[in-house]
């Protein structure tokens, strides 16, 4: 039977389906019990037990718990464990991520555990390593585990969090009401919950953070897409003034050092808003538990140490569970366990593309084909193109700015013609943009895709001998890729030019008709994903 987990990467929490995570948690429950009871027979069911099986820790950012948790998990498996010394590695000589990891994969290393400030790096390495594996006929396809990438995600922390929540919920997946408290902007552990909490049938999330530390919009949108009920509060004090208080509280450390001087001036006020105080205890419902990915700040802990010996303490067992979860994850990816998984096939991470986002409009030769004036001041042309209805409904300044972007992206800088901002013939108060170019123009399917990506909801008219030869209406494509001038606006993203990795930007459409970067998840409008066209 084919093992569905062997060689799989975990770059974001959604790389494992809900059924696959339930399988992992069931196995973790079994292994944890075996270790506590020193049941060697059950432990051996999980052990990789192969001295030639290479697991490599590559931590390019400081870590204690995650690194040591993985190290101890790997030692349990009795494998070849290596650790890249980042300070003396070829990264400091300007070597790319792809070259470094391909080299290490060539030395018969099978699983890479990676922590980096660069967001989306594991997703890129997964794609790159697949090609390297095939070119060089390696014994195993390298797998990558994201141990935290910038402020993006921390999927193994999400796994151990979920396991602990479920363990404390009598192994029920029915519902969860959770309060996320602290630095929700930088805290990648809370970002993973936007998809991770889908494992519960009913999810209610209370976001508790001042505006400066609030959850990024992308993750709030993801929660809403996933059917979560989401509420927002600016402080613990405000949250406890209302009656519907969660039993599960998840705190994160404020990372104020990553923010500017204006925020640092308010640090005492910001910390106070997300730090639990003694007077709050009497306002908590019975059976409330607190969790924290750790570490706690020794001077300014959001969960003060006076709570350590109280029933609120769920964070210590949560930390211990991390090693058990990671033991099982390594066992699954190595193919030691997983043959007995009977869940459905995982859905492809590729987005659906077989939809009509370029629609050819039928031309009525007796009437519609005659070129009429598109707008006041724009005379009909005999041959050429007219792109109409650009940014309909926007302000004239916005329309003009985006028309210049369309001209650059579509390569329409040369030749005669012009641009015009006008009002709609049907709605005089609604502005739209028009680009017209007389001359001989041909539009390939690739050109139409490009136009759809940069000028959604416009109309393209191809004109010959004074008649409309063909007409197309554009809509937002489900994915945008294979264009050199695409750019993710997040400088920490592996695909951003600032990283000098040569990774092509790829975007997929969200449910609210915007675009998310495939690597880091940053949300863009279709107007924001284009850089300057490369010559």
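Just so it is clear, glycine is given a Cβ too, placed from its N, Cα and C backbone atoms.
According to Swiss-Prot, the region 'Aspartate carbamoyltransferase' annotation covers 1-341. According to Swiss-Prot, the region 'Linker' annotation covers 342-370. Annotation comment: Swiss-Prot describes 371-535 as region 'Aspartate carbamoyltransferase regulatory region'. The feature Zn(2+) binding site is assigned by Swiss-Prot to 488, 493, 517, 520.
Swiss-Prot feature annotations superimposed on the structure.
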residue : record              : Cβ within 10 Å
488     : Zn(2+) binding site : 29
493     : Zn(2+) binding site : 29
517     : Zn(2+) binding site : 28
520     : Zn(2+) binding site : 25
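When secondary structure is read from DSSP and collapsed to three states, residue 517 (Zn(2+) binding site) falls in the strand class. Confidence in the region 'Aspartate carbamoyltransferase' (1-341), given as mean pLDDT, stands at 94. Report note: the Zn(2+) site is defined by 488, 493, 517, 520, and the residues of the same chain whose CB lies within 8 Å of the CB centroid of those residues, excluding them, are 119, 120, 489, 490, 492, 494, 495, 496, 505, 518, 519, 521, 522. Residue 488 (Zn(2+) binding site) falls outside any helix or strand according to DSSP and counts as coil.
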